[in-house]
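Undergrad: Take a look at this one; I'll ask things after.
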Amino acid sequence: MDVPLNTPQQGRGLVLVRRQPPNPQSLMETLKARLQRSCRCSVPRAWALVQDLVPVTRWLRQYRPQEDLAGDIMSGLVIGIILVPQAIAYSLLAGLQPIYSLYTSFFANLIYFLLGTSHHVSVGIFSLLCLVVGQVVDRELQLAGFDPSQDGLGPRDNGSTLNSSAATLEPRLQDCGRDCYAIRVATALTLMTGIYQVLMGILRLGFVSAYLSQPLLDGFAMGASVTILTSQLRHLLGVRVPRHQGPGMVVRTWLSLLHGLGEANICDMVTSGVCLLVLLAGKELSDRCRRRLRVPLPTELLVIVVATLVSHFGQLHKRFGSNVAGDIPTGFVPPQAPDLELMWRVALDAVSLALVGSAFSISLAEMFARSHGYSVRANQELLAVGCCNVLPAFFHCYVTGAALSKSLVKTATGCRTQVSSLVSAAVVLLVLLALAPLFRDLQRSVLACVIVASLRGALRKVRDLPQLWRLSPADALVWAVTAATCVLVNVEAGLLAGLLLSLLSLVGRTQRPQAALLARIGDSAFYEDAAEFEGLVPPAGVRVFRFAGPLCYANKAFFLQSLYSLTGLDAGCSAASRKTQGLELGAGEGDPMEGKDPVSSGARLVPMAAGFHTVVIDCAPLLFLDVAGMAMLQDLRRDYRALGVTLLLACCSPSVRDALQRGGFLGEDQGTEEEQLFPSVHSAVEAGQARHRELLATNSAL
């Protein structure tokens, strides 16, 4: 209710005067105004739009070479050196040739340099996304008649090995071998993923990633890491086992590994053991000496270089049958549009990739922006990551996203802007044009070791589960269910299960918030939970009830249940019972209440059977009030009045006050707003006690 400006203030203290809201526009007027603003064209507006869509045009003009260039070059070189071995290794996960991973790393760094808003995020190949890409590629290869156990690596022809269960290839695949069809599937999946992300950015859906909570993402990373580790064990051991698909893939892979353990390659096992020991020791040393080392130890590059030399001069492939990377061509192949039919077949698979990639990219961008004192735009990040998938899909690349480990390395090595991504792209380009064939004799077991060592951080998150359980059992349950579903079913089902459980947890916390009776802290005007704190003084004849959540259709029953349980009086049943008794009395003896105010008469005649005469609801935690909650409050007030109990509200927010006003709760027949709403709990308690004293005096006079 608006307070007039000329309201007298004598004896009333301060008066809060609400500003008059502007006259609301109609829907058509609002749409017309927005359309006019959007369609207005000028050179400054066009340039501002270009700067918003291509942020490099804005920040590059403010670039300070003397302060930023050295750190950007250093971090770019380090990331480029890390990218090369990881790109070759992650091709095992995706089931593709190593050259396509190098293409992906090059284009992702180049495009994010132009479109990204974060200064420190490293966008490129990401193990979790590679895992999903590999699973989709394997499924489509099997459906097309290829043998998915044949990796896209090795010194052999273009993978035309057929599945024994398939008689012939589809006619359109007669001129396309295994590796050719695998990259077709990957590019179709990449384009669909990028389209989803770009649409999310255009529709301003950056907030959607917020529903993928951190416990969900951590549990997903843990479950996917176990899946990745399982998929790489066959390379670590040199065992040829089928690449299982569908639910229970991890369990079936372990059973196959145990069954074929006797056929393990001794050379691969020894190589894996030595490389894992060196890689893990190098990472541990880098973590412990992080403050002393200006640049992280390039352990992956050293291991790959040494292992390549040993494999080449020791002829491990010929002498011991150790699987190697095979021929890696140089240069770029002509661009090719993704297959439209395959795009429709993988459209559903692209949804989980788009959500996971967007969530990780936005969360990492916001994390680094907060720690370094600048801001990022979530919707522009969606556009940037989406373009990192849409455009490279025509150049034989697969799905990319922001990677935490490489982003941390960029920050630790002095990265200041995305110029470092340009330097990293230059390093990868050098490898693409000249150095790629040098890795021909690199063992696949070494690449698997690089992948497994990169999972160290994600696998160690299991140690955080006990602390998470102590902080929030609901979040810990989301973490555990997501991880377990990823391992026992598949990663897509794990993401879906975690998302559903997170939403159910959010709904559950809203539907059953904490409720408590408050008592006075000594002689002060403050009130707290009487069950949580000792020595509090309950106000005489008054019950103060706090409901720490919104009041809506979903929790109105829990509100009443909590209120009746804590106060010891079921107002609804008691009012209905008293009404029934009154009707029976009226039928037998006439209506003695005729001509009297039922409320005042009830207040005078009904004793305090429950031990209180006033109920004060602390509305400070009440976030919002819907129609069902409003109707419930009106019914509650009617029931209390029938029992001679006064219902008062305290500490209502402006939005709740407006809802009460619009819903008719503050009607003129119910008294003025000042008689029903109070600025503090203490003022409501005092008002309730004063009214009861007046009522007692009136009853005594009668």
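Each residue, glycine too, has its Cβ placed from N, Cα and C.
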Undergrad: Quick test of your reading of TrEMBL: among 257-281, 607-631, where does it put transmembrane segment?
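TA: Going through 257-281, 607-631 one by one, TrEMBL flags 257-281 as transmembrane segment.
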Undergrad: Is the transmembrane segment (417-435) close to the transmembrane segment (106-134), in the sense of at least 3 CB pairs under 8 angstroms with a sequence gap of 6 or more?
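TA: Yes, these stretches are in contact.
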Undergrad: The transmembrane segment (342-362): which same-chain residues, six or more beyond its ends, come within Cβ distance under 8 Å?
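TA: For the transmembrane segment (342-362), the list is 121, 123, 126, 128-129, 132-133, 136, 140, 184-185, 188-189, 191-193, 195-197, 200, 206, 208-209, 212, 217, 220, 378, 381-382, 385, 389, 399-402, 404, 491-492, 495-496.
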Undergrad: For the transmembrane segment (417-435), what are the same-chain contacts with Cβ under 8 Å, counting residues 6+ beyond its ends?
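TA: Same-chain contacts beyond the ends: 56, 59, 63, 68-69, 71-73, 75-77, 79-81, 83-84, 87, 99, 102-103, 105-106, 109-110, 112-113, 116, 118-119, 122-123, 330-332, 410.
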Undergrad: Counting only residues 6+ away from its ends, which parts of the chain sit with a Cβ under 8 Å from the transmembrane segment (257-281)?
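TA: Sequence-distant neighbours of the transmembrane segment (257-281): 233-241, 299-300, 303, 307, 316, 320-323, 443-446, 448-450, 452-453, 456.
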Undergrad: Looking at the stretches 73-94, 382-405, 479-504, which one shares the most CB pairs under 8 Å with the transmembrane segment (181-203)?
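TA: Looking at each of 73-94, 382-405, 479-504 in turn, the most contacts to the transmembrane segment (181-203) are made by 382-405.
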